[in-house]
C-alpha cells in the first residue's frame with residue numbers, strides 16, 4: 001500500500017508500552033491538501049468496554065468503520081484483542097467493501113499492542129513502541145531514543161509527538177492520550 005493510498009498525510013499516532021502502562025497518543029491536525037481543516041481532532045479513543053485503546057491514521061470515516069468492526073469482534077471474542085484483530089484483518093483483506101477502506105490502526109490492551117493494516121497485517125511492535133502516520137517515523141525514532149532516559153510511557157509519548165510536530169508539517173502539538181495499566 002502506498003502512502004498516498006492510505007492517506008498518511010495528516011496525522012501521527014504513537015503507542016508506548018513501558019513499566020506497567022500502555023499509552024496511545026495522537027496529534028489533532030486534520031489536513032486537506034496543504035490546508036489545516038481542524039487542529040483538534042480526536043484520533044485516539046477507548047473501544048468496547050474501555051479495556052482496549054486505539055488510534056488511527058487515514059480516512060476518518062474508514063477508521064470509524066474499522067473501529068466499529070473491531071468492537072464487534074471484541075464482543076464476539078470476549079475481549080481477546082489479538083483474536084479480534086486477526087478476525088478483523090481477515091475481513092479487511094477479503095471483504096469487497098472493507099478492502100477499499102483507507103486507514104491504519106494501532107490498538108492495545110493490557111497485554112499486547114498491535115498495528116493493523118489493510119493488507120491484512122497484524123503486527124506486534126518490537127520493544128513496545130509503534131507509530132503510524134505522516135509523522136510516525138519521527139515519533140518512533142524519538143520514542144526509541146527516549147526509552148533509555150525516561151521511565152514514564154506518557155512522558156515519552158508526549159515528548160516524541162512534540163518532536164514529530166516540530167518536523168512534520170502534517171502533525172501538530174495538540175495531543176490526545178489514552179492510557180491503560182499493562183500486565184506486560
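Placement of Cβ uses the backbone N, Cα and C atoms for every residue, glycine included.
As recorded in Swiss-Prot, the features of this protein are as follows:
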- 11: active site (ACT_SITE)
- 165, 168, 171: Na(+) binding site (BINDING)
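On the backbone, the CA of residue 171 (Na(+) binding site) and the CA of residue 11 (active site) stand 5 Å apart.
Take the mean position of the Cβ atoms of 165, 168, 171, the recorded Na(+) site; other residues of that chain with a Cβ within 8 Å of it are 12, 27, 29, 134, 135, 138, 139, 161, 164, 166, 167, 169, 170, 172, 173.
Around the Cβ of residue 165 (Na(+) binding site), the number of neighbouring Cβ atoms within 10 Å comes to 21. Residue 11 (active site) and residue 165 (Na(+) binding site) are 10 Å apart (CA-CA, integer value). You'll find the Cα of residue 168 (Na(+) binding site) roughly 9 Å from the Cα of residue 11 (active site). Taking all protein chains in view, 30 other C-beta atoms sit within 10 angstroms of the C-beta of residue 171 (Na(+) binding site). Here the recorded positions are 11, 168, and the one ringed by the most other CB atoms within 10 angstroms is 11.
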